Amino acid sequence: WGWEEAPAHPSRARGRWASCLCGSAPCILCGCCPSSRNSTVTRLVFTTFLLLGVLVCIIMLSPGVESQLHKLPWVCEEGAGGTLVVLQGHIDCGSLLGYRAVYRMCFAMAAFFFLFTLLMGCVRSSRDPRAAIQNGFWFFKFLVLIGITVGAFYIPDGSFSDIWFYFGVVGSFLFLLIQLVLLIDFAHSWNQRWLCRAEERDSRAWYAGLFFFTLLFYSLAIAAVVLLFIYYTQPDACYEGKVFIGLNLTLCVCVSITAVLPKVQDAQPNSGLLQASVITLYTMFVTWLALSNVPDQKCNPHLPARLSNETVLAGPQGYETQWWDTPSIVGLIVFILCTLFISLRSSDHQQVNTLMQTEECPPILEQQQQVVACDGRAFDNEQDGVSYSYSFFHFCLVLASLHVMMTLTNWYQPGETLKMVSTWTAVWVKICASWAGLLLYLWTLVAPLLLPNRDFS
């Protein structure tokens, strides 16, 4: 009509920003996803906090940042002539600074999420006053995270790194199990949905798609086994690696055969080789991660050539840490995808929802929707009941913080004088996680046969 809307009053603009910083979660991201559920956006924002912490850890591992960290008193001390004396054997001081800085950053993230794990216990709906803390006050929560991070860097070293290493080992093992649970559920849901579409549309294309991906995953798994034997074993050495590869291959064959047994098919018509192929490929992936931590140069091509089985060979330039090898990069990518998966998805299976403390969102009645005015719309979908356990979600982020700490530091164990960064601890944790995942998948196949009175539909 030829007239322009007058700009908003500055006080109103400041009020809207204050509402976004201190109000509910959808107000932050409503410009990108105007119809998002409160529960989904809250999980995404907390996951963003975690990923920002991971980014800070990666920056701390860069050489330029490490040189600045030399000024902190908890790794290197100045010796005669102004030179820096390494407190951990012959490993170079810059690497230890980077490693221990990551330890402290991940400690801060784990402490932050553990605080919310305790605070958000037994929240039943968004009417609980604690739900307002969970879904809002983001600016203050970010300040709390920064404060814990700053305090973590002033913790005296002492036995902190040694004790926190074992927390990382346990947390990483549990997070690998969570990854396996999500992967098994994803494979079951994928197979079930494609079979339903094939029956509804009477099309063979869906069956062809299932066959193609099953064949692809098994082919990749077989190729992985061949490459593992070529690069991680020797004819007269590396017996542990041969046992791990052979045993995991045998277990994968067993679960694949079990998945197509007639009795299993009768009890679980949706079970099949697609799920078994996904589990087989993931098992080979975890086996690769485990073998990449073997502390033996003959059996691990990722180790620097100047290292022997358990000692550092003094070269002209000393030890050099290999930060970003292929297993670490791939493991970090899988970690990020799994963390986002936890944040975004509820399972189609009630058993998985019970295990992961999530549930399908119930239908939202029109009068129960809470519209938030902030450049878009968002609604509170948890007035009658939460769609996920706040406390368990934060506990998963605690485990994720510990897992990424071990991944970024290559499972470095502080205090191992004259020993390599890679340790057998990392190998056994990952191998045991692969065995636990195979046993868990096998249980999902045989449980209806062993417990016929229970409903596993």
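Even glycines carry a Cβ here, placed using N, Cα and C.
Record features, source TrEMBL:
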| type | residues | note |
| --- | --- | --- |
| TRANSMEM | 44-65 | transmembrane segment |
| TRANSMEM | 101-123 | transmembrane segment |
| TRANSMEM | 135-157 | transmembrane segment |
| TRANSMEM | 163-184 | transmembrane segment |
| TRANSMEM | 205-231 | transmembrane segment |
| TRANSMEM | 243-261 | transmembrane segment |
| TRANSMEM | 273-291 | transmembrane segment |
| TRANSMEM | 326-344 | transmembrane segment |
| TRANSMEM | 392-412 | transmembrane segment |
| TRANSMEM | 427-451 | transmembrane segment |
Region pair the transmembrane segment (273-291) / the transmembrane segment (205-231), three or more CB pairs under 8 Å: yes
Stretch in 44-65, 205-231, 392-412 most in contact with the transmembrane segment (163-184), if contact is a CB pair under 8 A: 392-412
Folded-back contacts onto the transmembrane segment (44-65), same chain, C-beta under 8 angstroms, at least six residues removed: 25, 28-29, 94, 98, 101-102, 105-106, 108-109, 112-113, 138, 141-142, 145, 323, 332, 336, 339-340, 342-344, 393-394, 397, 400-401, 404-405, 408
Chain residues in Cβ proximity to the transmembrane segment (205-231) (below 8 Å; excluding those fewer than six residues from its ends, i.e. six or more beyond): 191, 194-195, 197-198, 241-242, 245, 249, 252, 272-274, 277-278, 280-281, 283-285, 287-288, 291, 301
Chain residues in Cβ proximity to the transmembrane segment (101-123) (below 8 Å; excluding those fewer than six residues from its ends, i.e. six or more beyond): 46, 49-50, 53, 56-57, 60-61, 65-66, 69, 130-131, 133-134, 144-145, 148-149, 151-153, 155, 160-161, 164-165, 167-168, 171, 386, 390-392, 394-395, 397-398, 401-402, 404-405, 408-409, 414
